[in-house]
Amino acid sequence: MELGGPGAPRLLPPLLLLLGTGLLRASSHVETRAHAEERLLKKLFSGYNKWSRPVANISDVVLVRFGLSIAQLIDVDEKNQMMTTNVWVKQEWHDYKLRWDPADYENVTSIRIPSELIWRPDIVLYNNADGDFAVTHLTKAHLFHDGRVQWTPPAIYKSSCSIDVTFFPFDQQNCTMKFGSWTYDKAKIDLVNMHSRVDQLDFWESGEWVIVDAVGTYNTRKYECCAEIYPDITYAFVIRRLPLFYTINLIIPCLLISCLTVLVFYLPSECGEKITLCISVLLSLTVFLLLITEIIPSTSLVIPLIGEYLLFTMIFVTLSIVITVFVLNVHHRSPRTHTMPTWVRRVFLDIVPRLLLMKRPSVVKDNCRRLIESMHKMASAPRFWPEPEGEPPATSGTQSLHPPSPSFCVPLDVPAEPGPSCKSPSDQLPPQQPLEAEKASPHPSPGPCRPPHGTQAPGLAKARSLSVQHMSSPGEAVEGGVRCRSRSIQYCVPRDDAAPEADGQAAGALASRNTHSAELPPPDQPSPCKCTCKKEPSSVSPSATVKTRSTKAPPPHLPLSPALTRAVEGVQYIADHLKAEDTDFSVKEDWKYVAMVIDRIFLWMFIIVCLLGTVGLFLPPWLAGMI
């Protein structure tokens, strides 16, 4: 049917009426739903008093179900002993005055209302340390048609917490949060634990602490102020510190600094930096101890384990300073200031080094000792240097006896290969070879000790003692016909120095020394003396190297002039001085070795202490299950 037909004007009014009626009904239904909550609020709060407990009878008890949900563990202040947490306080109770029938209000079963308009239990945090005891942000409450009220306001609490820093930084703390009504006793308001544990579904993990456990318990207590019994719900938080930060920044540096204390006793005493290192370690440990005192509570009844470790190490560092001063004193001792007791020599030079597996290096003083012994033998041997019984007869100026040097002149047989030779008392120098061959005369003569042919000398052989340079070369002539290269003590041995003592021959021998005779001696006379420079070995006495041509009578000794006597006294003085220096050096080395042994003893002691201290630092927390 078309609307433009003849019946169209008749159908249009009924359609418009039907459409208007539907729109009116829909608008009235929306208006009814919106006004239902308004009417409900007017009905609920008309004559409602939020100051009275929501009970029908005065003897009834309001049961409040209480729960806690933690959102974040903000901080644990060890210094002020506070725990800061962000929690949601769950509370639920029934208010009989806030009931309605949903059928009367367009099936409205629940509404959100401002919490300021209704009665709320005055539940506060008992062990609040700072801030507000009660909830400050009053959020809306969820009201159900049966009179049940749910209120979950957020809150940031700073609760007091007794911090136990015994195993710091491997510590585990037990902090509590105690909630309860401030004014209503158990006869008015009773608490019911909503959950046995704290809700951690929305917990944001902390970078320093981890919650091991959080359990809520219901308690009742009668306080001294009042006769009533007050209930409370206490949540015990078991939190454990994450020790990585403190291990990297506190424990490892402390251990390394403590190990430096061990190196103090390994540092040689000659360097002079032992005291400086000790004081530097002591100051470093003091700085770390100050860092710990800033972290731990100042009123703590216990000392943290790392504090005990640092304090123990500081005591040992202080002792190391005292010991180092003593060791340096021992190290620089000398025979002129201290005498080494026998027990010190026995204990620290014999017994303790063997126990510590120490082997003392040998002191290279053999050459010096041989040198001193040689000088003593040269200066004090009676067979070479007896006191002269009288002055020698006067001689001519050209043939006068020159005062010999501290060389030993004794008659020797003419060797197969005559010539001066030098032997060194030192093991480090090779034996010297003869520098020049000499021809031995086949006819003995009582003539004087002469140089080789072609060489004229003004007197006897002169050999320098304590020479430090080569005295001659193979082609060089020396005084008295003696050539030798010497680096140390030498003595000159005339080969044929005297004739057998016969009647009238002694005077002839002395007279023959005053002439420049170049004639060959008769066959029945001793040959002219030939001098050989020899070095005296340390282990062989000079008398052992002397070979006499005749064993029937001892050779006569040469008289000593005053100059030669002074030279002998000088050699004796030098030998005594060197011997005293050698003795002083040996005693000083003994004192230095005693200081080294004492250092080694305390080195091992401190190594053991550091190991035991490290084990003592980590073992108790490990046994307690905190590591």
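In case you wondered, yes, glycine gets a Cβ from its N, Cα and C as well.
Remember, predicted model here, so these are calculated numbers, not experimental data.
Positions annotated as signal peptide by Swiss-Prot: 1-26.
Here Swiss-Prot flags Cys161-Cys175 (among others) as disulfide bond, drawing on experimental evidence. Around Cys175 (disulfide bond), the same-chain residues six or more apart in sequence whose CB sits under 8 Å from its CB are Val76, Met83, Ser159, Cys161, Ser162, Ala236, Phe237, Ile239, listed in sequence order.
As annotated by Swiss-Prot, disulfide bond applies to Cys225-Cys226 (among others). DSSP assigns Cys225 (disulfide bond) to coil in the three-state reduction, outside any helix or strand. Sequence-distant contacts of Cys225 (disulfide bond), defined as residues of its own chain at least six apart whose C-beta falls under 8 angstroms from its C-beta, are absent.
The transmembrane segment feature in Swiss-Prot is assigned to 250-269 (among others); the stated evidence is experimental evidence.
Within the same chain, no residue at least 6 positions away from Cys271 (S-palmitoyl cysteine) has a Cβ under 8 Å from its Cβ. Taken from Swiss-Prot, the feature S-palmitoyl cysteine covers Cys271, and the record attributes it to similarity to another entry.
Feature annotation from Swiss-Prot assigns transmembrane segment to 275-291 (among others).
Packing against the transmembrane segment (306-330) from elsewhere in the chain are residues 168-169, 250-251, 254, 257-258, 261, 264-265, 269, 274-275, 278-279, 281-282, 285-286, 288-289, 292-293, 296, 591, 594-595, 598-599, 602, 606, 609, 613, 616-617: each is 6 or more residues past its ends and has a CB under 8 Å from a CB in it. As annotated by Swiss-Prot, transmembrane segment applies to 306-330 (among others).
What Swiss-Prot records for Ser424 (among others) is phosphoserine, and it gives similarity to another entry as the kind of evidence.
Marked as phosphoserine by Swiss-Prot on the basis of similarity to another entry: Ser538 (among others).
Taken from Swiss-Prot, the feature phosphoserine applies to Ser541 (among others).
The transmembrane segment annotation in Swiss-Prot covers 601-619 (among others).
For the disulfide-bonded residues Cys161, Cys226, the ranking by surrounding Cβ atoms (within 10 Å, all protein chains) places Cys161 first.
Note on the transmembrane segment (275-291): residues 250, 253-254, 257-258, 260-261, 263-264, 267, 307, 310-311, 313-314, 317-318, 320-321, 324-325, 328 of its chain, located 6 or more positions outside it, place their CB under 8 angstroms from a CB of the stretch. Packing against the transmembrane segment (250-269) from elsewhere in the chain are residues 169, 243, 277-278, 280-281, 284-285, 288, 291-292, 306, 309-310, 313, 316-317, 320, 323-324, 327-328, 331, 592, 595-596, 599-600, 602-603, 606-607, 610, 613-614, 617: each is 6 or more residues past its ends and has a CB under 8 Å from a CB in it. In the three-state DSSP scheme, Cys175 (disulfide bond) is classed as strand.
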